[in-house]
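Participant: According to Swiss-Prot, the compositional bias 'Polar residues' annotation covers 735-753. Among the features that Swiss-Prot reports, domain 'BRCT 1' is placed at 2-103. The feature domain 'BRCT 2' is assigned by Swiss-Prot to 117-213. Per Swiss-Prot, domain 'BRCT 3' is recorded for 260-352, and the stated evidence type is sequence analysis. If you look up Swiss-Prot, you'll see 369-453 marked as domain 'BRCT 4'. Annotated domain 'BRCT 5' per Swiss-Prot: 829-910, in sequence order, evidence recorded as sequence analysis. Here Swiss-Prot flags 934-1049 as domain 'BRCT 6'. The feature phosphoserine is assigned by Swiss-Prot to Ser304, Ser591, Ser593, Ser720, Ser800, Ser806, with a large-scale study or a structure entry given as support. Positions annotated as phosphothreonine by Swiss-Prot: Thr532. If you look up Swiss-Prot, you'll see 572-659, 722-753 marked as region 'Disordered'.
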Amino acid sequence: MSTSLLFEQLNFLILVAAEAELPIAHSTRKLLMDNSCNNCQIYELYNENLKDVKTDKDWFMNKFGPQTVHFVISNTINFPFYKIVYFDLLIPVVSHTWVQDSVKTKRHLRTNMYSPNPFHLLRDCQVYISKSSFNKCEYILYSDLLHLLGGTLVNYISNRTTHVIVQSPQDPIIATVSKLTFGSFSSSSTNKHTEKPLREWKFVYPIWILYHFKMAKPLKGELATLCELDMQDTSEEQLFAKWEEVIGDKQTSSSQLTLHPNKTLFKNHHFAISPDLNFFTPLYWFLKGFIEDLDGKVTPLSFSDDLKSVYQAFPDIDCYIGHSANSPILEKTKSIKPEIHVGNVSWLFYMFALQKFTPVSQCKLIHQPFHAKLFTSKELTVAYTNYFGSQRFYIQRLVEILGGLSTPELTRKNTHLITKSTIGKKFKVAKKWSLDPQNAIIVTNHMWLEQCYMNNSKLNPKDSRFQNFKLDDNMGWNIGQIGMDHSSLPTPKNLSMVTYDTQSISEKPPPTNDQMDQINDNTNVLSKKDGTPISSFENSIDEKIDKLQKISGEVAVTHSGDLERSFVSRPSRASFPVVDSKKSNLQKKDSNSDISMETEVFCEGHEKREEKEFTKPITEYDAPKKQEIREQSRKKNDIDYKKEEEETELQVQLGQRTKREIKTSKKNEKEKETNECHIEVDQMTNEKQGEESTGKLISTEDVTSKKDTDKFSHLFEGLSDNDDHINDEKPAVNSKYTTPKTSQNITSGVDTPTTAQTQVFMPSSGNSRLAKTQAAKRLHTDIESLNEFQKNFKRKRIDSEEISLSQDVERSNNNKELATKAEKILARFNELPNYDLKAVCTGCFHDGFNEVDIEILNQLGIKIFDNIKETDKLNCIFAPKILRTEKFLKSLSFEPLKFALKPEFIIDLLKQIHSKKDKLSQININLFDYEINGINESIISKTKLPTKVFERANIRCINLVNDIPGGVDTIGSVLKAHGIEKINVLRSKKCTFEDIIPNDVSKQENGGIFKYVLIVTKASQVKKFTKLINDRDKNETILIVEWNWCVESIFHLNVDFTSKKNVLYQKKNN
């Protein structure tokens, strides 16, 4: 029976090296299950022959996945996949004692202290490395060595800190720490007692870490004393003397690889060391000696080197070690040797841990030279939860190189909480704080940090991809699994992720002042400041208006004298977002990813911070509220969207109509001019053709004028497609409005044939000028009409959005009211569980729940869904017993099914919550007491397998008779949920052999896969189908069953071909 929720949602793997360890393994497993662990597997190493098995990451994930393994429990590291587990997947490996002590203390203890790795000499140490003494390159190297030795790096000093690493007695941190007190602070006004620190910190030189690393054993005696700070060491000569002892110590050099036998790790590899690794000289000697002791070669580079000559002199250089990704040395190196391996110091120690040379492309993000900082510490102050062991170090390093700070506790000073699941107090508190508009904290997952760094740009942490807190469902989503081999992933522009800081677009040179002025003028037609594209409908309207005004502008150029005062052309649309030139320049500037040199001192229980640090609003990113409201209303209101589509259609029709009328008007004017020529010709020749033509043209104009009733139909009048003064782009602009000519268009547009006399008598220039002048005069009215149309259109759209917004506000207020009621009811409990159940109900709760109870369940992590949808990722079923309903049968296909519970769980839970008893510490409801009888752990565990029940039985295609009770749709959906790929419905009365589909037997090795599988309801159907198949394919295997056979297989999640129950006919290979 479960006694606590200590290991809730956590998965464990217990490794047993010898049979004698089995009792302790089962005892540990029982302890884990009693404290609510999600899953615990026992793997007997002594029964497995893994010598010929490639135990790589894929093997481990397939063997023990797909869900994340949070902890591996083993008293030894002598198993073949230790390095994959600990260094690659970043899964802590702890002894059995960790479980026992964690249960005793009721908290997850630090995993380093319980590591079975003998090289973790500093497992009991919490070390602060002074940022005043060391530059960023040295800080990275020392922290990497500390992590490799199992120590814990802290960026604050507390009473748990054991060591402080400094370079000299003059380090300012020494004076700061010596003044620290814990408990009550001295105060003359309150006369509070001042307590002394709970421990004496040891101040040590960095050689303390180097000696541990080189000797691979604890320091004792004179060596330990040598590493401790001596306040008398005031001269550089004295400090150098200590370094020379550790660098030149032959004993330590020879024992460096005691526990790491691969002494030829860097054989055939030549390392070029970049000058941007600004090391203290003795530290460079140490690094050089480290590489050479592992059979590698080293060539230092300098900024004055002719790199081409260096690489020609040493053609075997194949590795580059540097600090900054923006170094000019690195840029030149890549151009000369594009195939070179480019890494940083962390990469060297990572390979040392793996005992294998590994290209940077197969390592972690943090193993390449670092990008410039993206954030400031005010923008990125991170707390984290639900990460263990090396995962915390990885987050700390990512945050550091992004420019931020990480803190152990969650306070109002934090800007972000990083988590991969929804359990824990930090998550609940952060979610509450996230609702505070003045000082909201953003809850996001670790993929946000990784993607920001990998893409070298600030991404929106509220993007749906970074709001996925179910990352434990897939081991491939573990932190640190995005490596440099993913560097070709899409950039933020085409990621469906919204870039929320425009200064990240810094690849292009910053715009000039003139360009910035133009950009600022065009702000009203750019995409939104948050990067979201403007809707296609707005674009289509703007494009149409642009086209009209472009035509008008071209006419205005031709007739500048007439239009100078009456028309101002619309500014052209910018094709890039607004970028602050100052921000752009700052972004482009190389900051070399400096790690903040601030020294933070945390006093537990009494954190010394100024009040303003807690109350100052933290600005994450600003999107215009008006645009946000419109975006929300578009997403939430299908009615508005349909109205917009109707308006768009009307606009297109308007464009088509105006285009036709342009053509009509244009040709009428031409024919009128031609007609005047004919009149003059008639007067000279006395012919009647001109009079007839005139009569026809007048009648055509009358018809056109009657049709011209639309308010905006005159917009294109007077603007001829063939006007010589319009440039060649004109037809392309108007091509969108071109419509096929109707018979009427053709009639009205027939040109009068011209004769030789017509060519002699050209129309007067006055008539041409008259037409153009009229067109120019109408431009005022045209633009006013357009503006009026825009206003009307926007007014309609805003009105509909306001209606939708009022509905949203009402709904939001109702939700807040329900949430408040639920919180008030739950307030009498000190602790609230997060059950993380997404469930459907069958055979119970027919009347549903009231709104307050639904909100209460939601706040406890229980969500009830009406129907089963694959996208909802359901993991629970509520039913009074095992049922044959569609929902129950499908629930056994959930990936995974975590619980099959009786409805009494909900009833008792709500009963306890609504009881009038005194305030309770926690809700005393045990999930395991409500499990449905018959759905045991063995069945639950099978839902975590990567394949479904019928898929495992090699049944992928099945034939189903059309008269099956329940209906073919329902039965078919259940079968598909459990692995059937193709379902063929047979009409038993009119069925032929060709109607029966065979099963997929392509993977058949030694027989055993039935070629024909059928589900029938009558004995007569069996006789008919067996005859059809045996007559045409008599040598093939057949399986004919009742529906009950499928149901039994689903209930057990196993197909038993040896059982004859519900099998009507079976034919196997001889």
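Backbone N, Cα and C atoms are what each Cβ position is placed from, and that goes for glycine too.
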Participant: Among 260-352, 369-453, 829-910, point out the range having the most Cβ pairs under 8 angstroms from the domain 'BRCT 1' (2-103).
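Facilitator: By Cβ pairs under 8 Å, 369-453 leads among 260-352, 369-453, 829-910.
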Participant: Around the C-beta of Ser304 (phosphoserine), how many further C-beta atoms are within 10 angstroms, looking at every protein chain?
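Facilitator: Around Ser304 (phosphoserine), other Cβ atoms within 10 Å: 6.
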Participant: Just give the helix, strand and coil counts over the domain 'BRCT 5' (829-910), going by DSSP.
Facilitator: 25 helix, 18 strand, 39 coil
Participant: Could you find out if DSSP has Ser304 (phosphoserine) as helix, strand or coil?
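Facilitator: In three-state terms, Ser304 (phosphoserine) counts as coil.
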Participant: Can you count helix, strand and coil residues in the domain 'BRCT 1' (2-103) using DSSP?
Facilitator: 42 helix, 19 strand, 41 coil
